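Asker: This is the structure I want to talk about, given as structure tokens.
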């Protein structure tokens, strides 16, 4: 007790490092499960990346497999599918970004102008909900709605007097189907973060603007939008840092031999060559190429954002 | 809020367009969901012909009977409940103590540990090395492969840490120390009871992720008996394996006889199974929406 009160008489943070570590030894135990988890499932695989420069032999493990240098990278860069994969990955990414990034911002600004509480709550509840639909169910819905014989969306297009395309099998339509279903599922949820930023806008700004004769649109444009610009920049940086990160989870479910030429991206290629064809080293090299570009983009975009707008991740 | 002095014509037009936009968004999101609900209790002939477009026609619950009689779906359901329950408990056990420790300003080295976690958000070993690690740990074809590699998420640790550091006053920690309380008793006896909202948020974020995940099961499980619900759904909805076993049609002979074709049974089962599998999540969601939204907002404060 004497010891405890003596320590407590000094404010936290002023004590020597060693003393603080000693007093809080239990807190380090609190960190043990998490540290162990990240070491085993993140840092150990990072150590395993070395097999990208080796020929992985399962019996010899990460360390014992023989080195081959940049052989796998050269094979990938010179293969005939390299440019197709890169193009598909980049075009899906930018397509999704161009359509999917502004919509949550617009939706949040629109929600913010709705004054009827019950209506606002209903719309929010409904538009957030698709976020909780699983990828498998989502893709099942896409396939059911776009089914050429009886799909709901196909029938609406027919009703409008247009000729429905073979959305699921025509390679030209794959990216649109992917991006628009993504928009349907995630726009509402994506608006939450902007609504949070909008709730911090000082009402006095609006009052002053009203006195100055600014209409609703002007106030949205000159007060609300600038208030969420820092959030927009941060999310844009994060998105750009994931520009080659088009996930396999959804594409794998929507992919079929007929749309393959526009649906095959780097991540699905990695999945296939590793877990279907067993080329561990080669697909690790492809995956490493992917993560290095992503990390590089993140750093570059963050730097640009820092120079131009003073908003950055670090 | 802001006192409306007078609405100009321009403002009224703006409000009208705004309500129109929001209403269109509402319909675009809600219609497919309503359609599936109605289709799941309608005669498949009415659905495929397009006569059923909003409310159910020729009400039938055959789709649900087929789903409920399907042993495969039940087994998937049971597996998913088990994986979700154990997995979420593990998530909480890893996330909450770590987040609390990292929220304490007097923890020496917390910047280093946080940095070590953050790196993994932007750079990781990738699919193959992770797969090989899971294999080396002999976790292939076990529940461990589904829950251990996703035992924590950096994002959720940050959300929980932000909650602890913004709601637990430093004086409370000091007072507990004065009374001779150690960190274990402090955490279990004082901090956790004060943190029910964040425990709910974490349990829900993690729980939904477990419930909805299919990819780890696809690559790590070989045994169909161990498949979670999403893998069974993948067979039914995506691969469209409409064998007698997946649709359960062989078992319930009378329903199968009443149906004209296999395709009709298939479509009926599809709509019903979408509802049955998504219902638990969608049903709890409106009640917990406040917490979910809070979680996203806490995360956005210091993401």
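One-based numbering along the chain as shown.
Just so you know, glycine gets a Cβ as well, placed from its N, Cα and C.
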Asker: Need the matching range: TrEMBL marks transmembrane segment on one of B:184-208, B:209-233, and I'd like to know which.
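Answerer: In TrEMBL, the transmembrane segment feature sits at B:184-208.
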Asker: TrEMBL tags one of B:146-164, B:165-183 as transmembrane segment - which one?
Answerer: B:146-164
Asker: With Cβ distances under 8 Å as the criterion, find the stretch in B:81-100, B:112-134, B:146-164, B:184-208, B:268-288 that has the most pairs with the transmembrane segment (B:12-37).
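Answerer: Counting Cβ pairs under 8 Å, the winner is B:268-288.
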Asker: Is the transmembrane segment (B:81-100) in contact with the transmembrane segment (B:112-134), using three or more Cβ pairs under 8 angstroms as the rule and ignoring pairs under 6 apart in sequence?
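Answerer: Per Cβ check, the transmembrane segment (B:112-134) does not touch the transmembrane segment (B:81-100).
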Asker: Look over the recorded stretches B:81-100, B:146-164, B:268-288 and say which has the most C-beta pairs under 8 A to the transmembrane segment (B:184-208).
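Answerer: Looking only at B:81-100, B:146-164, B:268-288, the most contacts with the transmembrane segment (B:184-208) come from B:81-100.
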